[in-house]
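Copied over from TrEMBL, here are the features:
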DOMAIN    36-90  domain 'P-type ATPase N-terminal'
TRANSMEM  66-81  transmembrane segment
DOMAIN    124-185  domain 'P-type ATPase A'
TRANSMEM  288-311  transmembrane segment
TRANSMEM  342-361  transmembrane segment
BINDING   407, 408, 409, 506, 547, 570, 601, 681, 682, 683, 769, 775, 799, 800  ATP binding site
BINDING   407, 409, 796, 800  Mg(2+) binding site
ACT_SITE  407  active site, 4-aspartylphosphate intermediate
DOMAIN    822-1083  domain 'P-type ATPase C-terminal'
TRANSMEM  886-906  transmembrane segment
TRANSMEM  936-958  transmembrane segment
TRANSMEM  978-1001  transmembrane segment
TRANSMEM  1013-1037  transmembrane segment
TRANSMEM  1043-1068  transmembrane segment
């Protein structure tokens, strides 16, 4: 019980030991006093709350928000001291906000609980007491032997013991973990692979020792000790032996595995990443404005308190006959009285801080984020993928981006590789009609003749066919299950098999070798088979030296059919050429550079032949490193470096990666929008520069500056100074900068400022040979520079995750390099071209909507509370409230909340296609332009001005009125009776509700039926509510000050006249200002609005129907008839055009937008001939 409590509170200590010991089938040692280790159960918990902790935990989280905590304090003050307003006025809005947020978070957590229960209750089969027992997934314990059948997911992290294959291997896909759909082969150790029945597994005596749980999906260090006939056999365990929870079994009938990590200790659960909370620039501005308004509130409260005591110091005001002080009040401490009065004024004016701002902003972001997913222009039909939003907190940040950092492969390119050229032993070859043809020669051999390959060519193709991690999937079901996979190769044809690879390069190379005549036909156990022009050759796979980002190469050690031992290796030229000692090194280096200049991705291939003595040494080193439990990675790196040297260079390959559709147009649009694009890639610099030129990132007229192959700090600094001087001298020309990873490390170490100065003066920057962490460092460097620009990172692979998380906004591309980038991103899109609309249209809309929402909220609350402050001058600062407490409570919740919410969801300053066609409009809103201090000041002063007009306009027009009822029957002597405090306050409140609602209507450019409904509906609701509230005696109210006040007010003609005059007085200057500014100093956006309006004025709803291609109804035919009558539409069935006045012509390829401007689909309507 105590341990459970400690776990709930988060104090449960971590595992003390660095390793864990797992007894297979929980056969614990019988001798001695063995105390089993305690492990987590197999329940997955993704929820935040339980039934017991939901209320306290949720309340704690909500009151960490400053505004909520502030209103809680105000509410407590109202409860403790005698304040002018009821505690309900603060308590009810606070309760509403807290309740709405709690319901939303509770519902989301209930969904998580539901998903958890589904996973935890899934049926699984476990070996217990000599038989196969069905149980629930949550009941699996560490040490249990679990059986998993074909196409099932693994319920825990299992070490593979055996499969139905003789060699003990199985195929899995890890699509749900990292998005890779290729088949991966996992292995069991030879001693356990023979245990294929329950009885054999029950008799198995084995112990697994492994590291404690860690999040890295691709790292596992352990060993298994199997006891056979009294002898202990130790075998190493690595990632290839571990089956991860969430992966799926493929092409294998069943496997048995022992659970080593369960529940929240499984690698999948440890990868449930709590991303660091990103905050948008708007949110930071909002907090600044809140602090300013808090200052205004404190200032008003202090001034009111001081003036109260100053005025009441006069004898005639100190103690009026109708409100004489009690003895206790006379004797109370002046300081306490001052504090009490100050707190009372604080409560009276507290509505200047809008509590409902936060909940409205949250609802706007949450609901607004659906529009991205609904936008058909962001839907990719080929892959059936729509844009997805992983966090809605950053919607408006899409409209503020200044720098875009993008990966190249899979982001700008398709990641679909085609073999183009290769270099073998210093000779360049290209593929023609499935044959290798040397450069300068043509393929003149007759079709069907057997090509002749010389020794070097054959060895090169064998290396390409054998040095890889490619898997084969056959069309026939279960064809790999049991039996000899090579039997399928006997009737070999391309229809029977398909290659799967984690790297598209590998797949392209193996397919190319197969077309040329050296075909990889499969793996059986540790035997790899290739067919060289129909002749089968079998190689024994001895060791695989896996690829890693530091070495940038991968190798295999094989035993040839003749018994020799050979190492084949392939990788980047910088990772292979320094270790080669023979072969045409210089020629190959030149060919690699030529391939790169053509934009091809290059790989270098080499080999090394071992003598028997050398191989024994190599084998010993590898086995020692692989069985080490401590520092295994370091020892493996040492062993790999020792083996991968003295290489014989065989040649190089050039593979083409096609550019994605519309990449050039997208980059150009971003540049016109004032956004600088940086490309960060791992490719060599020639390849990267070639792709940059072809995609429009670099222009042909651009002056390309280079910071490459710098070897020392001084050299790097001198080169940076030279580049800076060159930029100053050629300030007219556009510059592009190319940096490589090594030079970047030196530049960032000592010369950050100089490097940043050069970069900022370049219109495009290309960083090549970048490691993943270097990408993140570059983003951080820009992010933390003095200008604090908003950054956006785009990538599609696991190597882009650190960059995506570092940037203000992270975009994942749903590519072929897995889903890790998508899972860790804020937004995900299917293609790079969608980035233009995401930023230029959605970003623009989200920003103007939320910027206006924030400013308007502060404006309407200044309008609301300033008359309350002014009223104190007329009631001797007695803290008398101007408005009824119900009005105080409902002003922000009901009367003025819906119009601004609907505005913030649907507003469009300019039509979407205008924003896309004129990217420069994006500059109008950059650098948080709509939330600048000047704009904030304008809205605040406007609020104060309107409040003064509300108060003094009502006072002047109605304060001396003798005919409130409009029939002249009320005498002046009775004026105060009829026109009292509540009537005056209600008049001010009525004018205020109408004015702030109409002010928003003036700001609205894009009217939908919903805007009309909530705008006029809010005003109508206020009148209807007030009539009911004041027209009926409500039995549950203690006092009813408002009884018949509203009815009496509206029955006066002069009251209606006052309302109209005051509203016009407030809004007329605002209208005039808009008209004058629009004509004398129009912004680019306003010019575009005028242009858009003139172009679409004749594009009526009728014409939209005329041009609609699908689903033509009777209404459409009527529309056609009307258009023909008005001369706007030709009689032809398939042709229509706009009025000649607009001179608007539409081509077949242009997007045509309907005039109803439906926000739900910002997609063009296809026109036949408009």
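All positions are counted from 1 along the displayed chain.
In case you wondered, yes, glycine gets a Cβ from its N, Cα and C as well.
Values in this document were obtained by computation on a predicted structure and should not be read as measured data.
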* Asked: Just how many other Cβ atoms lie inside 10 Å of the Cβ on residue 409 (ATP binding site)?
  -> 27
* To do: Give the distance between the Cα atoms of residue 682 (ATP binding site) and residue 796 (Mg(2+) binding site), rounded to the nearest whole Å.
  => 13
* Can you tell me how far the Cα of residue 769 (ATP binding site) sits from the Cα of residue 800 (Mg(2+) binding site), in Å? -> 13
* **Local confidence of the prediction over the domain 'P-type ATPase N-terminal' (36-90), expressed as mean pLDDT** => 81
* Which same-chain residues, if any, lie at least 6 apart from residue 547 (ATP binding site) yet have Cβ under 8 Å of it -> 553, 554, 571
* Asked: Among 601, 769, all listed as binding-site residues, which has the most CB atoms within 10 Å of its CB?
  -> 601
* Per-state residue totals over the domain 'P-type ATPase N-terminal' (36-90) - DSSP helix, strand, coil -> 27 helix, 0 strand, 28 coil
* Structure fact -> Rounded Cα distance, in Å, between residue 407 (ATP binding site) and residue 796 (Mg(2+) binding site) is 8
* **Cα distance (Å, whole number) from residue 409 (ATP binding site) to residue 796 (Mg(2+) binding site)** => 8
* Structure fact -> Within the same chain, the residues at least 6 apart in sequence whose Cβ is under 8 angstroms from that of residue 800 (Mg(2+) binding site) are 407, 411, 772, 775, 793, 794, 821
